[in-house]
Amino acid sequence: MSPFLRTQASGLKRFHGGVKPSHAKGTKNLSVVEMPIPKQVIIPMGQHIGAPCVPIVKPGDQVKKGQVIGTSEAFVSAPIHASTSGKVKAVGPFVGATGARMTAVTIDCDGEDVWDETITPPTVTCRDEFIAAIQQSGLVGLGGAGFPTHVKLRAPKDHPFEILVINAAECEPYLTVDYRAMLDNTDNLLAGIAAVTKYLDIPRVVIGTEDNKKDAVTKLLQALRSEAGDAINADVEIMALPSRYPQGAEKTLIYAATGRRVPAGGLPANVGCVVMNVTSVAFVGDYLRTGHPLVAKNITVDGDIIAHPQNIRAVIGTPIKDIVEFCGGLTGEPSKILMGGPMMGLAISSLDQPILKNNNGLLFFSERMVNNGPETDCIRCGRCSQHCPMNLLPKRIMDTVKFQKYAALSATGVMNCIECGSCAYECPAHIPLVQYMKLSKDFIKKGKR
């Protein structure tokens, strides 16, 4: 079946709520630039959801690019590789950007960037070999979540995958690396689609993007209708969804693109879907061809005080201060620095932090750009609930935790919150609603009564 394009006019589903922040995609026309290898990389052993890795190198060891330096016997984990060649300077305690304590391997780079000569393309002939190869690659969700991909690709026996949903929405403002992947890395993307659908026996593919990415949609359609697209033995649809945040959230994307609703507390597999970020799929195509594990990351560097906003490719573990220097430095005093997008990104205070596998953006904002209005009393306008894509009542959840009614938290449905920030974005009282959602979830997980 030939690939085709569907738009809102052709009957796509619309999720509840959401917001429309300014796109601010100022770097969308800038291809990814390779950043020089830094003098030193800091590679934390916890770069994914699940169990952290244990270092298998020691100070003084010489390592090569792509060499495994951290492993774990846990199922939900992913190996970590040296992102360049050099000498291990230290293996010791490290405090991540979230405040989490872990171990990190610090490597003094030799500047040669020499690959481990034992690396070869993996031999893949069946489903089990494919999933094992993905595990060995160190791939985690590159859209921000950081969930080990090999775990996601294991379909439950009673819920075989029916649809591969490729998340190409990139609905966060400023970020454009997924858009560039669709334009500049099309061959690897198609190879990745062919491999995932072949080895997991998935008959249908839906590429969900937003209608503000017309160039990418056109490029993908042309590629899918070419000889390269013939290698994909599945029906492929490109869905140009309305530009509305959080269009790229897993559950909202599945509903918008397929009409299927993931049940509360459920997973995409419960409705026959597996969701992969578009850059993750492109990585699969490249990995099967080269055998090169995940050692570098494409990142949008933007904001009103970065001298030269651009899309860069940097090795994992590169200190943020080196990236700032490569982009011309800061033109003013930063009021907020974000790893990720402005809606769900993590605010950090130190430029010494390294970039990780799941980082897709670095944003630098002056005080003028940051909404730092004082928090005031709720005026009960209802905008938080009107814009919640999960149909929750954020104000009620906030009150439940503020008044310490912990036993009632589960009934609020807060565990379905995707922490997208739509409620806080719309709140005229500047109430940090997302923080209350996170706190509520934490209380439930800890069994607080």
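Placement of Cβ uses the backbone N, Cα and C atoms for every residue, glycine included.
Since we're looking at a predicted model, the values are computed, not measured.
Positions annotated as domain '4Fe-4S ferredoxin-type' by TrEMBL: 367-399. Below 8 angstroms of C-beta separation, residues 15-19, 246, 249, 251-252, 303-304, 333, 335-336, 409, 412-414, 416-418, 420, 422-433, 436-437, 440 of the same chain, each at least six residues beyond the ends of the domain '4Fe-4S ferredoxin-type' (367-399), sit close to that stretch.
Residues or ranges marked as [4Fe-4S] cluster 1 binding site by TrEMBL: Cys378, Cys381, Cys384, Cys427. Under 8 Å, Cβ to Cβ, and six or more positions away along its own chain, Cys384 ([4Fe-4S] cluster 1 binding site) finds Leu393, Pro394, Lys395, Cys423, Ala424, Glu426, Cys427, Leu433. In the three-state DSSP reading, Cys384 ([4Fe-4S] cluster 1 binding site) counts as helix.
Sequence annotations record features per position, and here TrEMBL assigns [4Fe-4S] cluster 2 binding site to Cys388, Cys417, Cys420, Cys423. Cys423 ([4Fe-4S] cluster 2 binding site) has a Cβ environment of 30 other Cβ atoms inside 10 Å.
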Nearest recorded site to Cys381 ([4Fe-4S] cluster 1 binding site) by CA-CA distance, among binding-site residues Cys388, Cys417, Cys420: Cys388
Local confidence of the domain '4Fe-4S ferredoxin-type' (367-399) - pLDDT mean: 93
Check: same-chain CB within 8 A of [4Fe-4S] cluster 1 site center, minus Cys378, Cys381, Cys384, Cys427: Ile379, Arg380, Gly382, Arg383, Pro394, Lys395, Cys423, Glu426, Pro428, Ala429, Ile431, Leu433
Spatial separation of Cys378 ([4Fe-4S] cluster 1 binding site) from Cys417 ([4Fe-4S] cluster 2 binding site) - C-alpha basis, Å: 20
